[in-house]
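What TrEMBL says about this one:
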BINDING   30, 62, 117, 177  L-threonine binding site
BINDING   53, 57, 113, 139, 147, 193, 232  ATP binding site
DOMAIN    8-197  domain 'YrdC-like'
Ligand code: TXA
Ligand code: MG
């Protein structure tokens with residue numbers, strides 16, 4: 001199959017592919033999604049096949065409006081209304097009770113709840129409207145690889161396997177949406193996956209918000225089924241480094257003294273300290289802020305993975321605000337490994 005590169009002028013053609021049950025990757029503000037008609041069980045099953053993703057892991061249903069979502073919801077929780085007003089379109093996924101008989105278990109992983117999101121990307125909102133159906137959209141990577149933040153990443157992973165990719169440029173946020181469960185009457189609203197809509201921001205709108213325990217302790221059984229799968233792992237081992245020049249020097253010295261070739265995922269100020277050094281390759285994410293680090297994390301890991309290196313170092317940021325989402329992804333990529341001098 002030839003994988004077409006769609007741009008804004010091809011949205012009608014891309015929508016037609018989706019209506020026919022084919023797969024089309026779409027851009028969002030977080031990462032690229034692998035789109036398929038959520039109402040077609042055959043199309044959804046193809047998504048799992050193409051990604052090599054375990055089929056008990058439920059998918060997010062992407063909509064172009066609140067009205068589109070309401071057709072498939074048993075009863076919209078009151079908090080959902082307020083959250084939608086504040087954060088949609090945007091990087092917030094809401095889990096609500098599904099109206100019986102609407103989506104197949106291929107979408108929900110057999111649960112009675114379903115996850116919805118309205119992405120903040122004009123091309124994709126138009127694509128969904130034009131398709132006239134909601135779209136499932138897991139990240140458009142091969143399972144176990146960092147999520148794609150550019151059309152080229154998607155092309156690299158899925159070329160020949162899907163009908164097309166709608167190119168909307170690089171994703172601005174770079175980490176997947178916050179997943180918030182609104183169906184747990186005991187725990188109340190619970191974050192299952194941290195993202196750019198932070199706990200603090202949610203609390204301002206709906207009051208107390210819990211964080212799924214397993215995010216804090218790796219031992220607990222995960223509530224979001226997808227959380228039990230290994231994610232975002234590049235082939236090269238990744239170590240987390242305290243983000244201070246001295247500690248970067250320690251890390252690089254430790255690795256090079258063992259004749260290891262080193263890859264740095266770092267801010268431009270840190271990169272400027274090591275740019276000239278032999279055996280050190282750098283990927284700069286620009287200004288040394290957590291926003292920039294989150295935006296380029298997956299891109300950087302993919303780029304470094306292709307270089308001839310033995311180890312990657314990436315910076316820690318405080319685990320508050322967006323730092324919670326960034327560190328959640330980085331710890332998975334690093335398999336929890338933290339460099340200590
Ligand atoms: O930013 C994003 O959310 C991206 C873009 C493309 O929109 N999509 C994405 O989808 O990350 P995916 O399928 O890779 O992640 C969906 C997450 C998984 O962790 C899954 O287990 C969880 O949401 N999930 C989906 N439905 C659920 C449900 N009914 N109950 C609990 N967790 C659910
Ligand atoms: Mg994913």
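Along the chain as shown, residues are numbered 1 onward.
The backbone N, Cα and C atoms fix where each Cβ goes, glycine too.
Overlay of TrEMBL feature records on the structure.
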{"residue": "30", "record": "L-threonine binding site", "CB count, 10 Å": "28"}
{"residue": "53", "record": "ATP binding site", "CB count, 10 Å": "20"}
{"residue": "57", "record": "ATP binding site", "CB count, 10 Å": "17"}
{"residue": "62", "record": "L-threonine binding site", "CB count, 10 Å": "26"}
{"residue": "113", "record": "ATP binding site", "CB count, 10 Å": "17"}
{"residue": "117", "record": "L-threonine binding site", "CB count, 10 Å": "26"}
{"residue": "139", "record": "ATP binding site", "CB count, 10 Å": "28"}
{"residue": "147", "record": "ATP binding site", "CB count, 10 Å": "27"}
{"residue": "177", "record": "L-threonine binding site", "CB count, 10 Å": "27"}
{"residue": "193", "record": "ATP binding site", "CB count, 10 Å": "21"}
Using Cα positions only, nearest of the binding-site residues to residue 177 (L-threonine binding site) (53, 57, 139): 139
Cα separation, residue 139 (ATP binding site) to residue 62 (L-threonine binding site) (Å, whole number): 12
Euclidean distance between Cα atoms of residue 30 (L-threonine binding site) and residue 139 (ATP binding site), Å: 9
Secondary structure at residue 139 (ATP binding site), reduced by DSSP to three states: strand
C-alpha spacing of residue 193 (ATP binding site) relative to residue 30 (L-threonine binding site), in angstrom: 13
Per DSSP, three-state class assigned to residue 193 (ATP binding site): strand
Neighbourhood of ligand 2 - binding-site residues from 30, 53, 57, 62, 139, 177 with Cβ under 6 Å: 139
Averaged pLDDT score, the domain 'YrdC-like' (8-197): 96
Separation of alpha carbons, residue 117 (L-threonine binding site) and residue 193 (ATP binding site) (Å): 14
Cα distance (Å, whole number) from residue 117 (L-threonine binding site) to residue 53 (ATP binding site): 20
Other same-chain residues whose Cβ falls within 8 Å of the Cβ centroid of 30, 62, 117, 177, the recorded L-threonine site, in sequence order: 28, 33, 60, 91, 92, 93, 118, 119, 137, 176
Binding residues 30, 62, 117, 177 (L-threonine) - maximum C-alpha distance in whole Å: 13
